[in-house]
Amino acid sequence: MSSHSICHPYYHFLLTLRLSLFAIFAILMSACNSLTPVAPADTSVPNKPTVALVLGGGGAKGFAHVGVIKALEENGIKPTLVVGTSVGSLVGSLYASGYNAKQLEHLALTTIDSELTDFTLSNQGFIEGIKLKNFINANVGGRTIENFPISFAAVAADKNTLKKTVFTTGDVGLAVQASCSVPNIFIAPRIPEKVGKKYIDGGVVSLVPVDSARDLGADIIIAVDVTAANASTSTVNQKPNLNSLTSFWGFLENSLIANAVYNAKASQINHSAASMRHERDRADIVIMPNVGHISSLDTSQRSAVIAAGSQATTAQIHAIKQLINEKSKSKYATL
């Protein structure tokens, strides 16, 4: 018997088996294609509104910003964007980098002037600002703005053109230094360093930078104005508090005066003051801590300023929560 006749039955068996398996596979595929696909579970979260916390300038009164953050945190409200001018950029940068209210308060009460103030002899100013830059960068772990858990922006002004500039990336210490550089007191830093333009205190052009927050996509803006208690007093006629001119916070506290003089040189002071008030009022919520009577810079007064910020915010918590809830429903309805 030939080998071909011996293998023939086995060959037919394999061929039959292969055809059977192919038929079964085809039937299964046909069955699968006839089924209605099961929609995947909806794990998406309703599109929450972007809540911006806008922290204005105002020197030592800016300690109130810490109290504002404290009250918001206690009520479960966490902004997704922080925008600051001058001292507002200082506090805001630390908060946006990940500091909680307790850590911010500790830093506010324990930081001494020598950590921030570096006097120098120059016709451009008498505080260099490098210590401030290094203080911020050290406390945020050397991270750049774009690596913060909360989006952050520091507002400054081009020294030559007085054009508002908003820093949202790069060296946070340098951005804060620029935002806090009171004209003729702090030496205006260059950005990029050594080769870039010179920048000065953002309070010259935008004391409470509401419009910048809106431009960055904010749906809800909670603005903090720590100078409102003195709104009836013209900054042109104010005189520096000589007792505070030995303190870093004192120099910042007199920033409104220095900025007013700087703006007056450009014949813009009246228009600028009115424009900045209108900008503040474009916020959805305006918090105005009662700190007009506080000027001393010792630790007990810092605590009082922080408490004032907390109290003013607590008084508006219901309105803030209601607004967030309404905006959340509105955004969800458009999905």
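Including glycine, each Cβ sits where the backbone N, Cα and C put it.
Some features that TrEMBL has for this protein:
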ACT_SITE  SER86  active site, nucleophile
ACT_SITE  ASP201  active site, proton acceptor
MOTIF     57-62  motif 'GXGXXG'
MOTIF     84-88  motif 'GXSXG'
TRANSMEM  12-31  transmembrane segment
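Straight-line distance linking the Cα atoms of the residue listed as 'active site, proton acceptor' and SER86 (active site, nucleophile), rounded to a whole number, equals 6 Å. Under the three-state DSSP scheme, ASP201 (active site, proton acceptor) falls in the strand class.
Of all Cβ atoms in the shown protein chains, 32 besides its own fall within 10 Å of the Cβ of SER86 (active site, nucleophile).
According to DSSP, the motif 'GXGXXG' (57-62) comprises 4 helix, 0 strand, 2 coil.
The Cβ neighbour count for ASP201 (active site, proton acceptor), using a 10 Å radius and every protein chain shown, is 31.
Across the motif 'GXSXG' (84-88), DSSP classifies residues as 2 helix, 2 strand, 1 coil.
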